[in-house]
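Data first, discussion second: the structure below is written as structure tokens.
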Ligand code: BG6
């Protein structure tokens, strides 16, 4: 078989029709891999089973989960028997729910819409009406799933996706337990997928974990941190542990400090209900940024199994401690009305639904230390914010200056510290910054960049994080899901900072479109450092 032609897989959704109208299959039944969305790097196909989504009318389900399920089906990674059941209060028929899912897919899917794939998926789509406390409705749900097991072949394997506020977890878990839907059997599985926020501090996270774990054993719980589903985040592990180049300098001998940035240009319009009282630290640092830190700082796992990966992440999170005093080593802010690019945007206090007196921060920064031989003395500066200069997530490892420069000082005026920047998004890639001679007769040295860009090197488009994570949950592949212990350790790191802020009233304002409050700049200036301006 040639590289460019691959025989049509009889199990693939494309197999049913040699002419599906999008040019992916030619007349001999051969697939042109460049046009076929079937994934070549993730050929793992989920076995028989289905998913029930609670909170299916919410933003996350509409924008991310439903499109991701279609994309998986379109890539041939879901079984033919896959079933998708929505549960909610609306009085929807099967057809109403089908229409809703179709619109969400047409608007949000990453891969092309193909009628044949859709039709097959739509056959397995059902809706059950009910509230989270309604015994009778959960009994109907149980009957529906049993019927699908018989008619569609889902084989008793069900994943329950709780895309709902954590306050509803106890009711739903209790109902799943009561109606016999939560218990795995010898030859079928039941799993629960839960979305953050996993509590709002250590105590509430412990309580939430207790409730979930009282119904589902920990190995049946999949906590989503969608950053772990991003290709560039997984690439941190590939770069660190598949190469010899970086490891020798990945420590306090060579690294001066690490900056982890997750900046967004969007504001909070429309999200007040979720965000007010939560804030940037709980929303992003507690989960996404501490997970990034763990991947950057952890030791090499013995193997790439969930247990080994989680063990290393837990070990490093246990060694993390916030640097004090918090008056100097943390910063927070609230965006104020200003120009962001060519738009004049409102400040947080003018956003609909926000209490003008709200003390919720939209920018948070903190300094962490890791008490280990590898990282002693290397500060990790973490920052995140809304309405900042631009959308960018990156991890910058900034190296110590060379101990001695045998050049005239004037010749190195434009030489900074070496840096390695992992660009998580957008412009996914890795950048190395180092000094190079400027062409000419003088020995002048200045910074240059060496840039690896995903889009230039790979023809494959990265799957969406939710595609990867939903597939992994169906496959019982737990590597990319934080455990209850990781979640609790992350709260333990953050709680003292949040408690300190809570006593301090309103955060400082920062203009929309800027790079955050001045206290965040001072936080680094005190250490003789500066934030990168990505
Ligand atoms: C979510 C946060 O977890 O991540 C949001 O709750 C944030 O506030 C979002 O906007 C950002 O995700 P991404 O993938 O666009 O960087």
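Cβ from N, Cα, C; glycine included.
Just so you know, TrEMBL annotations never went through curation; they're auto-generated.
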Substrate binding, same site as 226, 230, 264, 283 - TrEMBL member from 313, 315, 328, 386: 386
Entries of 89, 230, 386 (binding-site residues) sitting next to ligand 1, with Cβ under 6 Å as the cut-off: none
Lowest local Cβ density (other Cβ within 10 Å) among binding-site residues: 264, 283: 264
Set of same-chain residues at least 6 away whose C-beta sits under 8 angstroms from residue 386 (substrate binding site): 264, 266, 267, 268, 280, 335, 362, 363
Cα-Cα distance linking residue 230 (substrate binding site) and residue 89 (NADP(+) binding site), given in Å to the nearest integer: 32
The region 'Disordered' (511-534): DSSP-derived helix, strand, coil residue counts: 8 helix, 1 strand, 15 coil
Entry from the binding-site residues list 89, 196, 230 having the most other CB atoms no farther than 10 A: 230
Set of same-chain residues at least 6 away whose C-beta sits under 8 angstroms from residue 226 (substrate binding site): 64, 465, 466, 469
Reported mean pLDDT - the domain 'Glucose-6-phosphate dehydrogenase NAD-binding' (52-235): 96
